[in-house]
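Peer 1: Before I ask anything, here is the structure I am working with.
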Amino acid sequence: MPRNRTGASAGRRPHPAPSIRSPLRRRFRRGAIQPRIRVMGAILGTVLLLFAARLVQIQGFNADDYAEAAASLRLTTIEIPTVRGDITDMAGRPFAMSVEVRTVFLDPAEVRDDQREEIVQELSRRFDLPPEEIVAKLNARVDGRPSRYEVVQRGVPIEEWKEIRELGFHGVSAERDYKRVYPEETGAANLVGFVGLDGHGLEGLEAVLDSTLAGEAGQQQVEVGSDGTQIPMAGGLIREPVPGRTVRLTLDLDLQWYAQQALNRRVEELDAEAGSVVVMTRDGQIRAMANYPTYDPNNFSAVSAEQRRNGAVADAFEPGSTAKVITVAAALEEGLVTPDTVFTVPSSIRRYDQVFRDANPHPTQRLTVNGIMATSSNVGAIQIGEKVGAEKMYEYLRRFGVGQPTGLDLPGENTGILTAPEHWSGTDLPSVSFGHSVSVNAVQLASVYATIANDGVRVAPTLIAGMEDADGEFEAAPDPESERVISADTAADLRLMLEAVTEETGTAPQARVEGYRVGGKTGTANRINPETGKYQGGGYVSSFVGFAPADDPELVVSVVLHSPKGEYYGGEAATPVFTDVMSFALKTARIPPTQTERPPLRLME
Amino acid sequence: MAATTPVSSATGGRGAGARRRTRNAKTDGAVLSRVKEFTRLLDRPLTSYYLLVGSSVLLIVLGLVMVLSSSMVDSYTETGSAFSLFLKQAVAALIGIPLMLLASRLPPRTLRLLGGPLLLVSIVLLVITTFRGVEYYGATRWLNIGGITVQASEPAKLAFALWGANLLARKEELRELTEWRHLLVPLLPVCGILVLLVLMGSDLGTSFVLMAVLVALLWIIGAPGRLFFGVVGLVGLLVAIMIAVEPYRLKRLTAFLNPEADPFNSGYQLLHGLYALGTGGLLGVGIGASREKWGHLPHPESDFIFAIIGEEFGLLGTLLVIGLFGVLGYSGLRVAARTTDPFVRLSAVAITTWICVQAMVNIGTVIGVLPVTGIPLPFVSAGGSSLIPTMLGMGVLLALARNEPAARSALSARGPTYPQRALSWLGLGNSAGRTAPGADRAPKTRPTQVQARRNRRR
């Protein structure tokens, strides 16, 4: 730089010769002051005007573009959780309900050092968590920066959160959430199912009815800071949350619980593999649907798929003797026999390559149709079935709902097997006549007896009474389909026959309920071994289906036990559960005791 | 405007009257007569003083409000109190106010003595900063003194302005300003040292302001035009050297031209500044309602506070700020134009240049017409190191405004105020060391009460 060089030379030569003047010694002409001040003012004014113009451009003409780009960075949509509808019994008592809870979380970046120790202690004590876990959450880092969101505990009751909040910890916050609660021991776990962590149904009715129960989460548009903090006063509600609708079932909570208890006791007593109890009104409304094994839906993660099965619809079995009513109903309805028609019934009968036997050997008897039913004679049933013929047999089975979907639309339903008669072999008609070579589930079986109880009109089974809005408005479920299967007279005849079963001479005298006339039928069928696909080693399916009061039936109870050890005849294995549940059901439903006597029936010639 | 405003003033009603007559002959528009009324209103002895007081007080108040608004989010996250940074700023303002008042009452004679020591202290602090400074955001500009971080380059600007003005004024009084060497030595080397020290802290903005002050001083003293071409060349050379030393600077220097090109790094702050301005639109989103301050715009309370003003108050607010600096600049230059004292003229121009150029560099950065330099908006941005020297500088400018010949006579007509009496008792007052006390007053007669009342109205 010239300044340095000439400056040095000026130092060395304090008195330079005028002829060689350094540039710094040169004289200059001074500019006038006032114009120069005006120039400065002009520069200042120009620059500020340019800036103002630029600002008009940014904040006036292009403002929307910038604002939009900025907003797109900040705007996010958050969901406003909505409350899931309850699942209740017919009286509104809950099988599943949602309670508002808090999810407690840490914002480690906000936690003050002097409160750290206290926070770790308090949270670990309160939620029973190891202190190290909370320390780890406090130290959690995301992309090298302290994390802003570490969930400590979900499903914290509001009251408990209030206690924590009062301690005044910085960086310990909570957000609203809903927790699904299943009141303990309702005994409806296999039917009701459960929701997953995301609050959506995973199993049972919770899954099937999810769209009704879930409602619609609301949406709120918020603007967030770079760290995700919600900016106050910005954004707005896009959609109000729509609360889910409560589903009212036809179930009775007490009865359901009682049925479950009775089933559990009996299954454990007999060391059975599984079992189910279905209680149904004569018009198809299911009052209870209990299953064994069951589980606690509040702790569903520890449960095997086997435990979660809703066996009442998911397990199909050969109904055995309980299906003889269909054979007899077909014969009566078609006018082929009367209740008093007499058959010669040997102990066994041969059809093609197969010998069909009655359960207990007996000398050849002359039995009326009543008698055949009361003693549950296979040979007699085969003879009646052969009068009916394959085509009619199939038709009646179908109309009674065998092999047809129950219409309950429950997950895993097994509609059973009913093959068309053109595929039947010679031994199939005899088999079908006494409830083999077809399979049903417990609800289908109960529905057959409900049809008889309902004077021959079959009403499709229902489970859902209706939906209830958040504001309490109830909308009943549409009426189920109904169809007359047999005449009222035939139904009445059948009821008398079935009542005879529970008398001293019948196969299930234990099925009587004090003060009521009861009709029903035992069933014992060979069970197909699920491992081999053959009857060998498969055990038995013991069942009892019945109704009461027999003169004007209100309720049907079906009990199915899979593979009970020891007592495998329906009469002995399943009947006690029937009696137990039926007597409780009658009392719960406040059905008055029977005032009539059964007219006498002729069982034998 | 009040047409009945008495126009006769100490600066000579006759001249004004003459101008009015000639203009009336040329135009007959009502607009022009309005403009005339306005210029006449401005043509009063204490105009500069009150315009300076008004604009600076408004800027300071706006600054405090905006520092609170823009810093509360970050303050809350960092310290748990939304007010922590605001309180610091308020304390700085509370320190600055008495300093400003005191400085505004000092006579030029005393002010001339301030520059040298202040410059010395600044240079020492800058040297210490260079070796012992604290580094934030990749720049070593801060010095930690007893828990308080001080930015030495801020008082250096005031010091250089005062010292430079005094230096040239003395040379002028000694009639030495005929040769280049008297003009440039020691002004240029000292400025060079300051710029160098400031650049050690990578503070391009402050060095630019220092050079602007130098140019303004030379310009006002009447240095020949070709010198300024030289200075421009020198600045260009310096910038080239800076870039050659650390090439990343070129990228930073040109990033402002297209912030969208690198929206997450070099263009990030600028882009979010523009977003804030755009979001504000014409009328703003309302005080306190800025969105960008929620962690999107880095340092919203310091270098980019103008963007937050624009977001919360809209175009209205930003134009107001521009206008306030315009008024401040106009008034500062008005002081310079009306004085005969070379020191008053030089220091008024130097301080005005300092504040206005700094404001322009800051605002220019935010609105994307200048590279990002990291320089506070005078009076407004958070930071005591910036606010206190700026307020002190404004105090000096006020003192100079009071020293305009017309203002001086108008003020003295009011009689001495209490602070003036206190100062004169300390031997620092306006008239303390004067050989002819009351030279500007009517020499023999004290102002009558009527006169005093009338003068007070001005």
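Just so you know, glycine gets a Cβ as well, placed from its N, Cα and C.
All annotation found in TrEMBL is predicted automatically rather than curated by experts.
So TrEMBL lists these for the protein:
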REGION    B:1-25  region 'Disordered'
REGION    B:429-458  region 'Disordered'
TRANSMEM  B:49-69  transmembrane segment
TRANSMEM  B:81-102  transmembrane segment
TRANSMEM  B:114-134  transmembrane segment
TRANSMEM  B:180-199  transmembrane segment
TRANSMEM  B:204-221  transmembrane segment
TRANSMEM  B:227-245  transmembrane segment
TRANSMEM  B:266-289  transmembrane segment
TRANSMEM  B:304-331  transmembrane segment
TRANSMEM  B:343-367  transmembrane segment
TRANSMEM  B:379-401  transmembrane segment
Peer 1: Please figure out which one of B:49-69, B:227-245, B:379-401 racks up the most CB pairs under 8 Å against the transmembrane segment (B:266-289).
Peer 2: B:49-69
Peer 1: Please work out whether the transmembrane segment (B:343-367) lies in contact with the transmembrane segment (B:204-221), by counting C-beta pairs under 8 angstroms that are 6 or more apart in sequence and asking whether there are at least 3.
Peer 2: yes
Peer 1: Where else in the chain does the transmembrane segment (B:304-331) make close Cβ contacts, counting only residues six or more beyond its ends and a cut-off under 8 Å?
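Peer 2: Same-chain contacts beyond the flanks: 47-48, 51-52, 54-56, 58-59, 62-63, 66-67, 69-70, 269, 272-274, 276-277, 279-293, 297-298, 352, 355-356, 359-360, 362-363, 366-367, 377, 380-382, 401.
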Peer 1: Report, as numbers and ranges, which residues of the same chain sit near the transmembrane segment (B:49-69): CB under 8 Å and 6 or more residues beyond its ends.
Peer 2: 83, 85-86, 89-90, 93, 96, 287-288, 290, 293, 301, 305, 308-309, 312, 321, 324-325, 327-328, 330-332, 334-335, 377-382, 387, 391, 394, 397-398, 401-402, 404, 407
Peer 1: Could you tell me what the rest of the chain brings near the transmembrane segment (B:379-401), counting residues at least six beyond its ends with Cβ under 8 Å?
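Peer 2: Residues 46, 48-49, 52-53, 56, 59-60, 62-63, 66-67, 70-71, 85, 88-89, 91-93, 95-97, 99-108, 111, 114, 148-152, 154-155, 157-158, 161-162, 301-303, 305-306, 309, 321, 331-332, 335, 339, 344, 347-348, 351-352, 354-355, 362, 407 contact the transmembrane segment (B:379-401) from elsewhere in the chain.
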